[in-house]
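Worksheet: the structure to be examined is printed underneath.
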Amino acid sequence: MPNEIFTINLNAQAIIPEAFILLGIVGTLLVDLAGEKTASRWAPVICYISLGSSLISLALQWSNPVNSAFLGSFNSDNLAIAFRSIIALSTLISLLISWRYTEQSGSPIGEFAAIVLSATLGAMLLCGSTDLVSVFISLETLSVASYCLSGYLKRDPRSSEAALKYLLVGSAAAAVYLYGSSFLYGLSGSTNLSTIGVEIINKPSFITSLSLVFVLSTVAFKIAAVPFHQWTPDVYEGSPTPVVAFLSVGSKTAGFAFAIRILSTTFSSFDEQWKLLFTILAILSMALGNIVALAQTSMKRMLAYSSIGQAGFVMIGIVSGTQDGLSSAVLYLAAYLFMNLGAFSCVILFSLRTGSDRITDYSGLYQKDPLITLGLSLCLLSLGGLPPMLGFFGKIYLFFAGWANHQYLLVVVGLITSVISIYYYISVIKMMVVKEPQEASEIVKSYPEINWNIIGLPPLRIALYTCIAVTALGGILSNPLFKLANSAVSETPFLQNILAITNNVL
């Protein structure tokens with residue numbers, strides 16, 4: 001009988017998607033041992049099977065979620081399923097745009113794939129972790145793998161510098177999280193997030209407030225929110241571009257998933273305090289991210305500051321604290337997956353053919369490569385929130401949810417900074433489509449001849465076409481995607497309890 005109870009409480013089926021990722025890690029390491037030629041052939045196949053199986057198992061869990069597993073340390077509820085699906089899909093697209101870049105850099109493909117899958121495993125586990133210990137293990141799995149990926153180009157001093165900066169700042173963030181967790185454990189005598197939330201309701205104190213600040217600092221680091229953003233531009237510029245593409249979506253999504261869970265459970269009784277702090281972070285992120293992006297000359301640094309601003313937009317939905325607000329945040333992260341990875345696909349293709357990352361070198365690109373020009377233009381317009389792109393509908397839902405919850409300052413700042421972002425996005429587009437051939441950059445004038453064949457498309461082009469199609473069809477896809485996001489929020493028990501309490505108070 002005790003064994004049966006123990007088995008029921010484990011509910012190991014909750015981590016079947018992560019088990020497929022773990023098998024993929026083992027498989028890629030084994031083929032890497034067999035030699036580079038074998039790894040180049042089989043590592044991508046293993047990754048596709050692993051991630052595809054994980055996505056299928058997540059889809060099957062949607063109608064039968066597991067709300068408590070491993071003695072309450074992990075939840076596979078619908079919200080966790082939605083975030084884990086975004087992360088798994090972002091990894092799949094990131095790997096599609098990585099193979100050619102990795103081969104050209106002379107790096108071992110099997111080893112690279114194993115580290116990316118390890119980061120994915122940590123990110124997915126973080127989305128469902130409901131215990132301080134499981135959160136820390138997931139967080140460090142994601143972080144350590146991310147440090148390795150940032151410094152993967154060993155011969156490039158910029159990559160090593162990026163990895164060192166990321167390691168130092170990430171280690172500080174981990175230490176701050178542990179310090180805050182020790183306070184929470186001392187106040188409650190438990191490591192379970194929900195239990196801690198119940199125990200500290202009647203124990204408001206300076207220590208509790210301090211633990212909230214420490215935990216929020218860790219969250220802000222993971223989502224690259226101001227003022228915890230300093231690592232982002234340097235790490236984005238120095239890291240391999242496919243790694244930047246993955247970190248910009250996968251790591252940020254995991255950070256937001258963790259933020260929603262811990263703020264809605266552990267700190268639900270400190271609703272006003274954390275919303276005030278999040279409001280400040282959102283305003284600073286939207287303002288600084290989009291204003292500083294105006295002055296950038298590197299495409300990757302521009303996208304880095306853009307990602308800081310995008311984090312601020314997502315925070316509008318979280319601060320609103322309503323079902324529509326949280327659903328809008330999930331929807332925008334799904335939209336961000338396609339428009340951001342689509343932009344990075346174009347940046348990678350351009351850098352592979354020219355070796356350049358400077359924005360001015362894109363001048364006149366439409367003359368030599370109309371497809372990259374079209375794809376990058378659509379993705380940048382979507383990031384700016386122009387209709388009828390997917391990003392427009394994502395921002396509209398966020399702004400409506402914020403306005404309905406009386407978050408007027410956040411919405412106004414969001415609208416103003418969106419206009420600012422449109423300016424620097426359109427500046428890049430204008431540069432690519434200059435009218436006179438003599439205005440093209442020297443890099444573009446020596447651009448290699450391109451032959452785009454539909455048959456036998458390499459993985460990078462498949463990723464590019466997919467992202468462009470989803471981004472451009474925003475008007476058609478926004479409603480079904482919002483319904484899925486709304487379902488993820490409405491069918492998650494802990495969120496419904498919090499929303500019910502909030503509605504009663506209002």
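Every residue gets a Cβ built from N, Cα and C, even glycine.
Summarising the annotation, Swiss-Prot assigns transmembrane segment to 14-34, 42-62, 79-99, 108-128, 167-187, 240-260, 276-296, 302-322, 330-350, 374-394, 409-429, 462-482 (among others).
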Contact between the transmembrane segment (302-322) and the transmembrane segment (409-429) (at least 3 Cβ pairs under 8 Å, separation 6+): yes
Same-chain residues at least 6 beyond the ends of the transmembrane segment (14-34) whose Cβ lies under 8 Å from its Cβ atoms: 42-43, 46-47, 49-51, 53-55, 57-58, 61, 66, 69-70, 74-76, 84, 88, 108-111, 113-114, 117-118, 120-121, 124-125, 128
Beyond the flanks of the transmembrane segment (330-350) by 6 or more, those residues with Cβ under 8 Å of it: 79, 82-83, 86, 89-90, 93-94, 97, 101, 241-242, 244-245, 248-249, 252-253, 256, 299-300, 303, 307, 310, 313-314, 317, 356-357, 362, 365, 369, 372, 375-376, 378-380, 382-383, 389-391, 393-395, 397-398, 460, 463-464, 466-468, 470-471, 474, 478, 481-482, 485, 488-489
Touch test for the transmembrane segment (409-429) and the transmembrane segment (108-128), at least 3 Cβ pairs under 8 Å: no
Sequence-remote partners of the transmembrane segment (240-260) [C-beta within less than 8 Å, at least six residues beyond its ends]: 79-80, 83, 86-87, 90-91, 94-95, 97-98, 101-102, 105, 116, 119-120, 122-124, 126-127, 129, 135, 138-139, 142, 146, 149-150, 152-153, 159, 219, 221-224, 300, 303-304, 307, 311, 314, 318, 326, 329, 333, 336-337, 340-341, 344-345, 347-348, 351, 495
Among 42-62, 79-99, 374-394, 462-482, stretch most in contact with the transmembrane segment (108-128) (C-beta, under 8 angstroms): 79-99
Selection from 79-99, 276-296, 374-394, 462-482, the stretch that has most Cβ pairs under 8 A to the transmembrane segment (42-62): 79-99
Other parts of the chain folded back onto the transmembrane segment (79-99), taken as Cβ under 8 Å at six or more residues beyond its ends: 17, 21, 44, 47-48, 51-52, 54-55, 58-59, 61-62, 65, 109, 112-113, 116-117, 120, 123-124, 127-128, 242, 245-246, 249-250, 253-254, 256-257, 260-261, 330, 333-334, 337, 341, 344-345, 348, 459-460, 462-464, 466-467, 484-485, 488-489, 492, 495
Cβ contacts under 8 Å made by the transmembrane segment (374-394) with residues that lie 6+ beyond its boundaries: 306, 310, 328, 331-332, 335-336, 338-340, 342-343, 345-347, 418, 421-422, 425-426, 428-429, 432-433, 464, 467-468, 470-475, 477-478, 482
